[in-house]
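These features come from Swiss-Prot:
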- D78, E79, D170: divalent metal cation binding site (BINDING)
- 72-255: domain 'RNase H type-2' (DOMAIN)
Amino acid sequence: MNTLTVKSVKERLQEVRDESDPFLAQCEKDPRKSVQTLLEQWLKKHAKEKALKEQWLNMTAYERLSSKKGFRLIAGVDEAGRGPLAGPVVAGAVILPAECEILGLTDSKKLSEKKLEEYYSRITEEAAAVGVGIVHADVIDRINIYEAARLAMVKAVNALTETPDYLLVDAMTLPLDIPQSSVIKGDAKSVSIAAGACIAKVTRDRLMAEYAKTYPMYGFEKNKGYGTKEHLEALQAYGPTTIHRKTFAPVQSYC
């Protein structure tokens, strides 16, 4: 083993795919500190990859169960933007191919903006179909946020280029003639729902960044329409915009 240079050990470790590989045992016996560091790095990376694969397996349980029942085009549906004081509620619907594997995809609230953008790109590239539904503030005020979120989800499903034969929906039942399951906290339990949530959130965040150009004083590019201190101070100083939800407190007090 000592006949191998540290560079050679590093290159060889990059080829190792399984923890049962005898080369790892050789590395353990190598007295060189640099080799031990390389081994430790490999073990950490492998453990992380293993955990991500286990997470993926757990989060495809609903999809595998639906597939066993004979369903092939399974769409995950979720929304973003129920709580903000301004902006639309946006829904995403995604059909992922059975062979698709996007490791690390999970509840969008646990992912950084950078990671969400990365997953958004992968989903749009690898998905069999992606649909988006948008319901704006005036409709939210007219029919209430719950119904608006449901309407956005229906729009997202109808926007899919492939017609799904089964739906996995985050905590809601949709008025569609398609078999479906409502999954509580679905974006943490189903990869399809997590994909829908990612599409919804990134789409909405981008919309709010565009609105910020029209209404720069509210900080929409940062707060996404939520009631931050900056947003509330601007609301008090300038009043509500056309994208504010007039039935939401405290917006209604400035109307």
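Placed from the backbone N, Cα and C atoms, the Cβ positions cover glycine too.
The binding-site residues E79, D170 differ in how many other CB atoms lie within 10 Å of their CB, and the one with the most is E79. Taken residue by residue with DSSP, D170 (divalent metal cation binding site) is part of a strand. In the structure as shown, the Cβ atom of D78 (divalent metal cation binding site) sits within 10 Å of 34 other Cβ atoms. A Cβ within 8 Å of the Cβ centre of D78, E79, D170, the residues given for divalent metal cation, is found for these other residues of the same chain: V77, A80, A91, G92, A149, M153, V169, A171, M172, G186, D187, I193, G196, A197, A200.
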